[in-house]
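The coiled coil annotation in Swiss-Prot covers 440-472 and rests on sequence analysis. Feature annotation from Swiss-Prot assigns domain 'Dynamin-type G' to 66-402; the stated evidence is sequence analysis. Feature annotation from Swiss-Prot assigns region 'Clamp-binding consensus' to 41-45. Swiss-Prot lists 76-83 with the feature region 'G1 motif', giving sequence analysis as the kind of evidence. Among the features that Swiss-Prot reports, region 'G3 motif' is placed at 236-239, with the record citing sequence analysis. Annotated region 'G4 motif' per Swiss-Prot: 297-300, in sequence order, evidence recorded as sequence analysis. The annotation region 'G5 motif' is assigned in Swiss-Prot to 331-334.
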Amino acid sequence: MYTQTLYELSQEAERLLQLSRQQLQLLEKMPLSVPGDDAPQLALPWSQPNIAERHAMLNNELRKISRLEMVLAIVGTMKAGKSTTINAIVGTEVLPNRNRPMTALPTLIRHTPGQKEPVLHFSHVAPIDCLIQQLQQRLRDCDIKHLTDVLEIDKDMRALMQRIENGVAFEKYYLGAQPIFHCLKSLNDLVRLAKALDVDFPFSAYAAIEHIPVIEVEFVHLAGLESYPGQLTLLDTPGPNEAGQPHLQKMLNQQLARASAVLAVLDYTQLKSISDEEVREAILAVGQSVPLYVLVNKFDQQDRNSDDADQVRALISGTLMKGCITPQQIFPVSSMWGYLANRARHELANNGKLPAPEQQRWVEDFAHAALGRRWRHADLADLEHIRHAADQLWEDSLFAQPIQALLHAAYANASLYALRSAAHKLLNYAQQAREYLDFRAHGLNVACEQLRQNIHQVEESLQLLQLNQAQVSGEIKHEIELALTSANHFLRQQQDALNAQLAALFQDDSEPLSEMRTRCETLLQTAQNTISRDFTLRFAELESTLCRVLTDVIRPIEQQVKMELSESGFRPGFHFPVFHGVVPHFNTRQLFSAVISRQDATDEQSTRLGVVRETFSRWLNQPDWGRGNEKSPTETVDYSVLQRALSAEVDLYCQQMAKVLAEQVDESVTAGMNTFFAEFASCLTELQTRLRESLALRQQNESVVRLMQQQLQQTVMTHGWIYTDAQLLRDDIQTLFTAERY
């Protein structure tokens, strides 16, 4: 019964998708515009390029429906540990990890039962072959010395350049982890090399999801489970502006819009950073059309002063994601621990032991994480101890919950996710098409003189918008100056108070150094929390003020435009942008970690030292001071020197923080304002273009106008049917989802 219902729903989804494709083809043929020299060169929502994108979206949904494939898009920055997270989800290493961007092209990772060894299919390799030929010629002509100035040439890049010079093409098929790593690393290095040699990488050739590389492998966490109708596939997406390629943002947006669900990987230590903000904006742009989930990676770096899991969920759900995701869909995890633990358990189950660390480097990482930094090779021979350590590391990784709640659920309900994705895409398409066509149909019924008047009124609104933007900039600048002046005054107060507390603390030179360290850490943590709370409230208030100022300026223009259109008989349905908060969030916990000027930590041992502990260690020339079994320094410690040095570092930190505040607030607000006004102006320009096209069509002979009216009315009606049927489809799918939970 369940299978029959799925089949009927998939047939209905396919019917609606095919009907939508037919309607798009009709739209392409309709004479809805009259070309002229004064036509603005804009990427309008229903221009030919946009219609082509909608065709691609519908074709992609048809492809997923035919397979009943649920595509879970995974997005995150390089530093968030996206590749490690995917490896942890799959249960084995299918993506390479390097300390540089590794996803220049989207990559599909498809769960294939029985496929123990990963295999990569790269059928659409022809554009890469053409690129290699271009690069081959450029390498012959270029100055290698100049190339080294603009490109880091490591051994991988050197091998790729040699391969290009020899004319070695990419294969269409790679079997095994190492050949796959080599292929993916070479593709990403190819992007960097092409940029350095000023050759365009063929990103557009891989816009269609069927053209991107596909890795097929059995997901370890799904091995042995009963089979379900449907297929689960992960989509590794390029991060925003990855590898210095800002146009990857468009590719990312396209891939996210075509996914069945989106999983964002955020960095616990960088939750309020600019890079993670770009990821959040990308997934928020998808809206409510697909389910959203968040993995907060690197949660193993939490300490007693950091936000706990519930606080992280509340921060992301309420503040960072603006209520678009519930706390239940947010999972703090350690992807590295999860990957290492599961890899070790898998090796023990299949081979009875772990490989030698010299043969597979991940074993050393596992031992360090599970056994501690003092592990020995002999420890790996105690299989019962290793098995217990792997289980504990898996438990500590917190990965079991998202595996159960997300991966298992996605696998069991892949067909329903695919159908729900199609239903939501159909609803969005039909709604947008109906609003656009209804506007165009009504435009043919409005008198030419009235259309001219509407065009003139929109032109006046555009001019008023430009005038108001110049005027409001001064007011906003004044508000920013007031906020920064107040923030700097508060920062100086905290600086003075902290230095006074430090001076009082160091007066007692009889206190043991370990107790002094603890009290210093407490003082710094208290100051951090005070500044964090104040800045959160202070800049939330600034954000509200900016929104109010802009709303007061924009609302009269918006209301006037809508009223004038309504008087001409145009129905509401034209959406203007809404100004969102643009004041950056400041992670004072991270900033305070830099209060003491520290050496760049090169290993995990260094990063685990506390701020004050590391400072004392450096001053006493004892790198491991402050750990267990610490030894008291033999030399006399001059507390006055420590106090002066610590106070100097606090002063420097406060100065730097004030500078960062000014730069980031000004940059963020200016960019946000410019974007908002540009989007608002673009909406008005689009409206003006539609009205001009309606006027041009209205001026055609009466028989042509009547024919277009009939065509538009029929098309509007058809899209209304598509919308209604898509609503019914969505409701039926939701009923099945609800039934699956009980």
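Just so you know, glycine gets a Cβ as well, placed from its N, Cα and C.
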- Ranking 76-83, 297-300, 331-334 by Cβ pairs under 8 Å to the region 'G3 motif' (236-239) puts first 76-83
- Item | Intrachain neighbours beyond the region 'G5 motif' (331-334), with Cβ under 8 angstroms and 6 or more residues off its ends | 85, 88, 268, 293-300, 309, 312-313, 396-399, 401-402, 405-406
- Using a Cβ cut-off of under 8 Å, list the residues of the same chain at least 6 residues beyond the region 'G4 motif' (297-300) that approach it. 76, 80-81, 84-85, 265-269, 309, 312, 332-337, 396-398
- Quick one: DSSP breakdown of the region 'G4 motif' (297-300) into helix, strand and coil? 2 helix, 1 strand, 1 coil
- Query: In the predicted model, what is the mean pLDDT computed over the coiled coil (440-472)?
  - Reply: 88
- Note on the structure: In DSSP terms, the region 'G5 motif' (331-334) comprises 0 helix, 2 strand, 2 coil
